[in-house]
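Student: Just passing along the structure, written as structure tokens.
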Amino acid sequence: MLPSYLTMAAILFCIGLYGALVKRNAVVVLLSVELMLNAVNLNLVAFSKYGVVPSLTGQIFSLFTITVAAAEAAIGVAILIALFRLRGTVNVDEFDKMRR
Amino acid sequence: MEMYSQAAWLIPLFPLAAFLVLTALGRSFRRAGVFIGSIGSLAAFALSLLIVIDRLGANAVDYNYAFDWIRIGDYTLRIGFEVTNLTAMMLVVVTLVSFLVNVYSAGYMKNDERITVFYGYVALFTFSMLGLVLSDNLLSLYIFWELVGVCSFLLVGFWYSKPKARAAAKKAFIVTRIGDAGLLIGILLLFWYMPNHALDFTTIQSVFDGQTGAITTGITTLIALLIFLGAVGKSGQFPLHVWLPDAMEGPTPISALIHAATMVAAGVFLIARTYDIFQDSAAAMETVAYVGGFTAIFAATVALAQNDIKRILAYSTVSQLGYMMMALGLHSLTGGIFHLFTHAFFKALLFLGAGSIIHAVHTQNINEMGGLGSKMRVTAWTFAIGALALSGIPPFSGFWSKDMILTAALETNPLLFVVGLAGAFCTALYMSRLFFLVFMGKPKSAAAGAHESPATMTFPLIVLAVLAIIAGFVETPWNGWFGSWLSGEPEDAHGSGVVIIASIAVGLLGIYLGWLVYGKGSVSRTVIAERLPWLVKLLERSYYVDELYAAVIVKPLKAIGAALSVFDEYVVGGVVRVAGAATSSVGRLSARLQNGQVQTYSLAAVIGFVIIVVAIVGRRFLP
């Protein structure tokens, strides 16, 4: 059972990574980051059930992650809104302030 | 009793101080330059004279003082100074000629803009030469040996705005460097084979004199020949003589000081100083004798056909140095050194006289002079004395020393005796040619407005003329004082009537022939040029030695240089350029990566991560 969970998580992670690297819309990038986090959660849960040493720790850990991810999403969206107000766009290509 | 000898280390310091002061003062104090330079060499001369007077008595003990200079492991390098009768004599010769040249230059270089620089260089040279003479070991001698070479370079190229002077300076430096390389290798070999690696002359003498067998004959010969190579370079012996005639591009007082009296005699001095090594090797002695003899006749014949007054004297110097070498090679240390002693005076006299003439007529071509005898009486008379001394006419000094060399040759090697006589004949001939063309006959174009040089220039001429007359009497066939003083052992005054008559005869014959052709004009000057044009051409071009070297050595070296420079430009430079281009293109690529986009940075991080993962995982599948 474990390999199919892991494969599923890997596919999810890769989709998230692809989105985070390629998408222009900052909101979609934020969503992709969430996708990667959830892929990790899936791994944690799968290992807690089918791992070499099954224990409840993985599931509790994933609960923590979900909580932190919620907070992170809130902050991320807040920053995005602030950015949108400042620049009038959510296109990440135009956020190249680090270059200057 | 040798209280002055103990102070001999002071002698080089006077000119050194003069050099330092002159360098510090710069070019502004023109009169001060003359004054300081002359005072420095005069003080050195006074002290040298005191030392010689101090040592005149019999059984003067050699004085040697040395201190530890460098300590490497068990080995201690000591340097110091040594006063023997030989070095004392050299001290006087060097300081006296240096002083007279200093005085003379006050007139000769009067209008030169860089006269203080000139005096500084002369003082530096005097210091180096005195250091060379006083050195008590081969290593410090080598250091000063190179230092005089540098001074020679600086002074030959003193008028560096002339391309010929620059070329001559470079030639002098490079050609003597060939000899110096030999000397250095010789010193290193000696260092390697000597017991305790000693390099001081006292130890060298005891090792080679005692026939201890510490060093085999083969090695001794090799060392002796390498040291001789150094002497060949410095003393302008064939085949490394080519730099000396070209060195005449320097100011004339320099030709008198460095290229006639002192530095070029350093080679002879070096052999005399390491004479025990040479005496252990018959092969080396023979080489010295034959190279010297060949140089003597070779340069004398070349001098016959030259038209530049200084080049004639330069070839004459080469020839006379050949005589000295020949004498040393024929086991006559006294003869070689004696000729060095007398030659220093009369050749310096001749060069300074030539300088006086050039100063008056502003040309060096003897065919453009003539009739100067009545206009420049002091120069003419002193020059005549020098010429007679050089031609070996009694009672002038050159006769006695040349006579001694010829006697030594007759006793041991008749072939070299004949060569020496032939050389003496050529010497008399070219000197009479020079004298009659310059001083006698009708004044030609350049000689019209000539007048006698100032007293600063004639005074040294008179002093040197007096010395050129009397210096020979220290060693005559009936009085071997100089030889016994020099070598410490009573040398029988061997006079041979045959030699005296023969040498006077060839001298007079040479002068008479010169007078017939160039003085009286009863024999046409072109008689030889018409019959044997190739011979005259051959002599004028000095046997095409320069051309030969240019074709055999300089051209191939230049070709190799050109090939190497192409290699350097395209291969070495190409590699460098490729490396540079690669780096800068990588830089340009990575600069494009820094576009401020977080996504690009993350992508780079992901790619790096993937590479690491692939590398780690991939290792498992490797054998």
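Note that Cβ sites are derived from N, Cα and C of the backbone, with glycine treated the same way.
Curation does not apply to TrEMBL; its annotations are automatic.
Found this in TrEMBL, in case it helps:
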TRANSMEM  B:32-53  transmembrane segment
DOMAIN    B:69-119  domain 'NADH-Ubiquinone oxidoreductase (complex I) chain 5 N-terminal'
TRANSMEM  B:86-104  transmembrane segment
TRANSMEM  B:116-135  transmembrane segment
DOMAIN    B:135-420  domain 'NADH:quinone oxidoreductase/Mrp antiporter transmembrane'
TRANSMEM  B:141-160  transmembrane segment
TRANSMEM  B:172-194  transmembrane segment
TRANSMEM  B:254-275  transmembrane segment
TRANSMEM  B:287-305  transmembrane segment
TRANSMEM  B:312-331  transmembrane segment
TRANSMEM  B:337-358  transmembrane segment
TRANSMEM  B:459-478  transmembrane segment
TRANSMEM  B:498-518  transmembrane segment
TRANSMEM  B:598-618  transmembrane segment
Student: If we skip the immediate neighbours and take only residues 6+ beyond the ends of the transmembrane segment (B:254-275), which ones have a Cβ under 8 Å from one of its Cβ atoms?
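Tutor: Distant contacts of the transmembrane segment (B:254-275): 86, 90, 93-94, 97-98, 101, 104, 122, 125, 129, 132-133, 138, 141, 145, 148, 151-152, 155-156, 158, 183, 201, 204, 224, 227-228, 230-237, 244, 247-248, 288, 310, 313-314, 317, 321, 324-325, 328, 333, 336-337, 340, 343-345, 347-348, 350-352, 354-355.
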Student: Averaged over the domain 'NADH-Ubiquinone oxidoreductase (complex I) chain 5 N-terminal' (B:69-119), what pLDDT does the prediction give?
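Tutor: Summarising the domain 'NADH-Ubiquinone oxidoreductase (complex I) chain 5 N-terminal' (B:69-119) by its mean pLDDT gives 87.
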Student: Apart from its near flanks, which chain residues at least 6 from the ends of the transmembrane segment (B:116-135) lie with a Cβ under 8 angstroms of it?
Tutor: 8-9, 11-13, 15-16, 18-19, 22-23, 25-30, 32-34, 36-37, 40-41, 44, 79, 81-83, 87, 90-91, 94-95, 98, 101-102, 105, 109, 141, 143-145, 147-148, 150-152, 154-155, 158, 251, 253-254, 257-258, 262-263, 266, 269
Student: Same chain, outside the transmembrane segment (B:32-53) by at least 6, Cβ under 8 Å from its Cβ: which residues?
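Tutor: Distal contacts: 4-5, 7-8, 10-12, 14-15, 17-19, 21-22, 25, 83, 88-89, 91-92, 94-96, 98-99, 102-103, 105-106, 115-116, 118-120, 122-123, 126, 130.
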Student: Would the transmembrane segment (B:172-194) and the transmembrane segment (B:312-331) count as touching if the test is at least 3 Cβ pairs under 8 Å, pairs 6 or more apart?
Tutor: no
Student: With contact taken as 3 or more Cβ pairs under 8 angstroms (pairs 6 or more apart in sequence), are the transmembrane segment (B:337-358) and the transmembrane segment (B:141-160) in contact?
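Tutor: Contact absent: fewer than 3 Cβ pairs fall under 8 Å.
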Student: Do any residues, 6 or more residues outside the transmembrane segment (B:86-104), come within under 8 Å Cβ-to-Cβ of it, and if so which ones?
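Tutor: Distal contacts: 5, 8, 11, 15, 34, 37-38, 41-42, 44-45, 48-49, 51-52, 55, 119, 122, 125-126, 129-130, 133-134, 253-254, 256-257, 261-262, 269, 272-273, 337, 340-341, 344-345, 348, 352, 355, 456-457, 459-461, 463-464, 486.
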